[in-house]
2 protein chains.
Amino acid sequence: MASIGDNSGNEAALARQAEILAQPLTEDRIMANAIRALAIDAVEAAKSGHPGMPMGMADAATALWTRTLKFDAADPTWWDRDRFVLSAGHGSMLLYALLHLTGHEGMGIEQLKTFRQLHSPAAGHPEYHEHPAIEMTTGPLGQGFATAVGMALAERMLAAKFGKSLVDHRTWVVAGDGCLMEGVSHEAAALAGHLKLNKLCVLWDDNSITIDGATGTSTSEDPLKRFAAYGWATRRVDGHNFAELQAALAFAQKSSKPVIIACRTVIGFGAPTKAGTAGSHGAPLGGAEAEAAKRALGWEQLPFVVPEDVYKPWHEAGARGAVTRRAWLKRLAKHPMRAEFERVMQGKLPEGWAEAMSAYKAQLAETKPKLATRQASQKALEVLVPAIPELVGGSADLTGSNLTLVKGMAGVEPGNYAGRYIYYGVREFGMAAAMNGLALHGGLIPYGGTFFVFADYMRPAIRLAALMGVRAIHVLTHDSIGLGEDGPTHQPIEHLASFRAMPNVLTIRPADAIETAEAWEVAVKNTTGPSLLVLSRQGVPALRDVANGNKVARGAYVLAEAEGKRAATIIATGTEVSIAMGARKALAAQGIQVAVVSAPCFELFAKQDAAYQAEVLGDAPRIGVEAACGFGWERWLGANGVFIGMTGFGASAPAEVLYEHFGITEAAVVKAVTSAVNA
Amino acid sequence: MASIGDNSGNEAALARQAEILAQPLTEDRIMANAIRALAIDAVEAAKSGHPGMPMGMADAATALWTRTLKFDAADPTWWDRDRFVLSAGHGSMLLYALLHLTGHEGMGIEQLKTFRQLHSPAAGHPEYHEHPAIEMTTGPLGQGFATAVGMALAERMLAAKFGKSLVDHRTWVVAGDGCLMEGVSHEAAALAGHLKLNKLCVLWDDNSITIDGATGTSTSEDPLKRFAAYGWATRRVDGHNFAELQAALAFAQKSSKPVIIACRTVIGFGAPTKAGTAGSHGAPLGGAEAEAAKRALGWEQLPFVVPEDVYKPWHEAGARGAVTRRAWLKRLAKHPMRAEFERVMQGKLPEGWAEAMSAYKAQLAETKPKLATRQASQKALEVLVPAIPELVGGSADLTGSNLTLVKGMAGVEPGNYAGRYIYYGVREFGMAAAMNGLALHGGLIPYGGTFFVFADYMRPAIRLAALMGVRAIHVLTHDSIGLGEDGPTHQPIEHLASFRAMPNVLTIRPADAIETAEAWEVAVKNTTGPSLLVLSRQGVPALRDVANGNKVARGAYVLAEAEGKRAATIIATGTEVSIAMGARKALAAQGIQVAVVSAPCFELFAKQDAAYQAEVLGDAPRIGVEAACGFGWERWLGANGVFIGMTGFGASAPAEVLYEHFGITEAAVVKAVTSAVNA
């Protein structure tokens with residue numbers, strides 16, 4: 001069975017399938033077969049897709065959606081609905097079929113017929129925003145699960161704040177073998193187990209098949225034993241036995257721990273030859289096999305046709321939660337915290353926070369503190385955290401370095417979710433995914449810290465945040481060779497470029513305390529994507545004396561204009577802006593007048609109009625300074641610009657030694673300017 | 001004890017420490033105290049560093065290095081040595097002290113005195129190449145462990161090939177709580193358990209402390225139970241009890257499974273107030289605490305002084321393996337496979353492979369097949385795999401999509417390591433780390449496949465390969481919106497830019513079958529860093545008719561010169577080169593003569609001299625075409641260049657629909673050229 005790389009027939013699975021198919025058809029099975037038939041038809045019509053998973057998990061999904069899942073198809077945005085996350089996102093037709101059958105608007109037969117076509121809400125993988133009932137974008141394996149942990153945590157935190165009468169729902173996940181093999185499943189499961197997120201339940205599609213063949217080709221682990229080690233409750237069921245499924249779901253609803261249910265299934269259930277093999281996973285069954293599968297299931301309908309007597313119980317299931325929802329709406333209407341609850345769930349910022357920040361910035365303009373920007377970030381948080389109660393922090397075990405914790409924030413603890421600070425552990429990817437879940441759930445604005453270099457560990461989750469348009473704020477400290485002795489493994493070089501290249505991410509590297517405050521303002525207001533605050537370990541002088549408005553919001557601006565005509569323009573970011581300012585002074589002493597442009601956010605500057613860009617960049621020769629690789633700087637420096645920065649990896653030494661060693665100094669800038677001016 | 005975020009004193013740890021310190025000093029403890037003293041002194045001298053881990057693990061390391069570890073300090077490059085990987089790389093002074101005490105050349109007291117200073121071999125974290133006994137660069141948590149899995153696998157595979165008389169060693173890892181919390185530890189441990197890598201042993205520094213405080217702040221898992229679920233053997237010992245440590249090491253040497261030993265330790269062992277707390281983790285103890293610690297340990301020496309009677313047993317330990325090594329050298333001298341063994345261990349390519357590739361390319365020039373470049377890659381592998389026996393393949397569960405498997409390659413199986421193909425499972429990061437280990441071990445050239453978009457999952461390991469200069473070859477298929485219906489989660493946009501920005505990586509995106517063959521030639525010869533082969537799902541026509549030399553090796557070249565004076569230069573990569581060629585033809589029909597430049601590898605083109613670059617790029621207006629974001633293209637397009645590509649995420653639809661939708665078409669190129677020419 002488990003011979004290496006074997007993708008051939010699976011006799012045991014076929015025998016099990018035959019035995020199940022020989023049983024009399026029940027209403028549950030007929031309802032599940034509607035999912036199977038729609039999945040088969042949509043994949044055949046699209047000529048591509050993944051029929052195996054929807055066919056295998058149709059029974060489990062039917063059990064969950066018809067009796068247990070709290071939802072009302074009439075309003076998929078109901079705040080107290082259960083969340084359902086299809087972590088095995090390739091099985092998207094499972095979700096679309098469920099939405100269709102339960103009567104969700106916007107997922108009619110015509111939408112299913114356009115499965116995987118341009119502008120269809122039934123995209124290849126579930127895409128957030130394509131339909132209001134799609135809780136998140138899934139497809140990159142493991143991340144649905146890890147994000148769901150954040151959703152489940154959000155529920156607990158909001159319940160602690162607003163009470164059970166407003167917040168009392170569960171988070172359900174369908175995950176495949178691939179999800180459980182991914183490393184992030186470990187981080188997420190360990191965090192969920194630690195925090196005792198008992199309202200989280202994972203249905204594992206335990207089908208013993210991966211793309212390369214039997215799971216035995218590449219894995220021998222016992223996942224339930226592993227999850228038990230994390231503090232989860234575990235159950236094993238026949239994934240085609242409704243009684244067992246219902247019993248397990250009932251168990252999950254009473255558990256004091258997060259729950260994983262191994263649903264032993266036959267992938268491609270119903271397909272006469274491809275069931276139980278990787279052959280049913282990622283390609284259409286093909287006309288003959290598709291026909292035969294429907295026959296075997298007892299489904300005698302034309303493609304995309306569901307009989308009314310099958311729609312009926314499905315529509316009833318879709319309306320099952322209506323009473324509960326109406327009762328909840330009544331409770332909300334008279335709840336003393338209604339306004340606050342609605343505000344946070346709508347993602348609206350509270351009154352007063354902007355004024356508090358303005359006052360803080362005015363104070364900075366006066367006191368001109370020399371601070372590392374990570375310290376400045378902490379000071380900004382000291383203003384923001386009291387002003388924005390939905391702001392919740394955390395760090396991947398670098399709290400004292402990231403300076404993400406401020407006074408008055410208590411830690412979220414197992415069983416006690418009243419705190420606002422999450423100790424994520426050494427789990428960067430798990431943290432970023434959980435942050436996405438906190439944001440997606442609604443009601444919270446998550447920020448989390450790690451070293452900038454370890455943004456690589458969580459890059460897949462940042463990408464998913466960008467794709468979904470989720471407000472997650474990453475506090476990324478120790479942003480360059482300026483971190484010093486820890487050496488090249490800890491020194492970001494290409495990270496700024498790599499995130500500037502990613503669509504819909506704001507990568508912000510502020511130069512001083514005022515810019516850091518402005519960066520926080522931008523991040524908090526950026527509701528349509530993640531923001532990365534890239535912050536220094538080492539101190540920088542105050543560079544700004546005016547704090548009106550928000551200059552970071554324009555991406556780049558003239559920090560210091562040349563006295564008279566510009567001989568050159570020095571463009572710098574973060575800690576290198578003060579180097580540029582030093583060079584400007586030294587050059588002025590030589591009679592060379594240059595402007596210094598601070599460019600904390602390339603993405604925002606790129607959005608400004610051409611006139612503003614031209615005004616900032618000027619016509620004079622341009623010199624760029626950044627303690628990072630220069631990839632992508634050409635856009636702003638033009639064809640003849642000069643870049644002063646890194647050309648390879650860093651080294652282990654004190655920061656000031658490294659700046660000297662790599663030639664990122666005031667003297668180097670002065671030399672580059674004089675060369676350019678004399679050229 | 002486990003109160004949230006608590007970094008204060010740890011009474012239980014201090015009591016345990018007091019009890020141990022009250023015992024009479026044994027030679028083992030004195031030897032271990034030499035490690036502690038050197039770690040204290042070096043960190044104090046550097047005014048930064050991590051004393052806690054070396055002090056906590058000194059006893060375990062002493063037990064391992066004095067009696068069990070197979071090595072000879074006289075030759076740290078001995079091929080049959082045991083590998084020792086300090087996965088908790090921040091504890092670098094543990095390793096440096098061990099190398100110093102055992103008498104390794106190049107790690108004298110003067111080197112320890114320059115700990116964390118520029119050009120010191122004793123860098124902040126262990127850096128590969130800084131000293132021959134440093135097996136790999138560590139610091140990014142979890143990766144030492146995951147890479148060691150690859151080393152242990154390499155040992156098994158080479159033993160299967162060359163026999164036990166040449167290859168018979170173990171791989172030892174010291175890992176911390178952070179390593180085990182990282183997701184990659186799950187992937188690596190599951191793979192090692194599956195493959196029954198019984199010669200791998202992990203010593204877990206079980207000190208109950210992370211940076212944010214007690215491990216209980218963020219984790220409640222039982223790691224040994226988890227490892228048992230992977231099929232590992234587990235043991236718990238008092239990490240300060242030599243008898244228990246020796247017994248566990250003996251157990252590990254007889255195990256039929258990989259082994260993890262939980263060494264219960266006191267972090268910062270010896271420090272009178274900071275022991276057992278995060279306070280001893282990442283900062284100098286401080287003068288008084290340092291002095292008091294040495295006193296408590298009974299170490300009455302000036303800083304950096306080790307008495308001769310302590311050096312003596314350490315030097316004996318360092319020479320312990322000399323006899324074994326000499327016996328091995330004798331066996332090697334008369335071994336029938338000596339020449340082949342030496343060749344592969346030296347990383348030299350065999351005779352004949354280049355000729356085989358030349359013949360294959362000549363054939364391509366004649367037959368001009370239309371192939372997806374992933375198919376062309378498979379065809380190149382059909383030549384390379386028989387010609388280069390040390391080439392070993394694999395995929396993260398996408399074998400049939402990546403086309404990484406060729407005829408004659410058997411799978412590596414648990415207990416049978418004679419195969420050359422590794423089914424890594426859905427574990428991209430684990431795969432990339434294991435590939436680094438296979439390469440670092442020596443004797444093998446690993447390649448592995450996944451979808452290009454999932455290169456994000458393994459980015460931290462690719463970075464480490466680049467930093468170490470390791471020959472790992474990544475086969476990254478489905479390289480753009482050209483993958484079609486699977487949609488934006490699966491469509492790389494910023495990935496080319498993000499890897500082009502990373503130092504010491506060759507990112508190669510070939511345009512047709514001949515370029516793909518050349519890309520493989522470049523990758524196989526690139527011994528000083530990783531190569532990424534970025535390959536298409538969809539077919540491309542043959543574009544080249546001459547296959548002499550290797551044009552990819554120059555990074556970019558004129559594929560088709562303009563007939564007469566260039567009106568414009570179209571620069572394209574990969575699948576977009578054929579679009580450029582189509583546009584060239586259409587433009588010629590309008591009387592506009594343009595050159596087409598194929599630019600498969602920016603990094604290699606950047607290394608060419610200015611004259612060649614100028615010749616290729618020309619003076620005419622430049623148009624860039626790539627189905628990706630344009631970040632970084634400005635360098636080659638100049639200030640007035642036009643880029644045709646992606647500006648945001650992709651979508652779910654058939655490939656040809658998407659190219660049309662996003663305007664990456666022959667017509668768009670024609671339009672851009674005519675605009676530029678008429679400007």
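Glycine is treated like the rest: Cβ placed from N, Cα and C.
Remember, TrEMBL labels are computer predictions, not curated facts.
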Listed co-binder of thiamine diphosphate (same site as A:His90, A:Gly139, A:Pro140, A:Leu141, A:Gly178, A:His281, A:Phe454, source TrEMBL) among A:Asn207, A:Asn416: A:Asn207
Residue from A:Asp168, A:Asp177, A:Asp309 that TrEMBL also lists as binding Mg(2+) with A:Asn207, A:Ile209: A:Asp177
A:His50, A:Arg374, A:Phe454 screened against A:Glu428 (active site, proton donor), Cα within 10 Å - retained binding-site residues: A:Phe454
Binding-site residues in contact range of chain B, given that the Cβ distance is under 8 Å, out of A:Leu141, A:Asp177, A:Asn207, A:His281, A:His478, A:Asp486: A:Leu141, A:Asp177, A:Asp486
DSSP-derived structure type at A:Ser401 (substrate binding site), helix or strand or else coil: helix
A:His50 (substrate binding site) and A:Asp177 (Mg(2+) binding site), Cα-Cα, nearest whole angstrom: 15
Number of other Cβ atoms within 10 Å of the Cβ of A:His50 (substrate binding site) across all protein chains: 26
Listed binding-site residues A:His50, A:Ile209, A:Ser401, A:His490, filtered to Cα within 10 Å of A:Phe454 (thiamine diphosphate binding site): A:His490
Candidate binding-site residues A:His90, A:Leu141, A:Ile209, pick with smallest Cα gap to A:Ser401 (substrate binding site): A:Leu141
Reduced DSSP assignment, A:Arg537 (substrate binding site): coil
A:His281 (substrate binding site) to A:Gly139 (thiamine diphosphate binding site) - Cα separation in whole Å: 14
CB within-chain contacts under 8 A for A:Arg537 (substrate binding site), separation at least 6: A:Ala372, A:Arg374, A:Ser401, A:Thr477, A:His478, A:Asp479, A:Gly482, A:Leu483, A:Gly484, A:Ala655
Cβ neighbours within the same chain of A:Leu141 (thiamine diphosphate binding site) - under 8 Å, at least six residues apart: A:Ser87, A:Ala88, A:Gly176, A:Gly178, A:Cys179, A:Met181, A:Glu182
Cβ-Cβ distance under 8 Å to A:Pro140 (thiamine diphosphate binding site), same chain, at least six residues away: A:Gly89, A:Pro460, A:Arg463, A:Leu464
DSSP three-state assignment for A:His50 (substrate binding site): coil
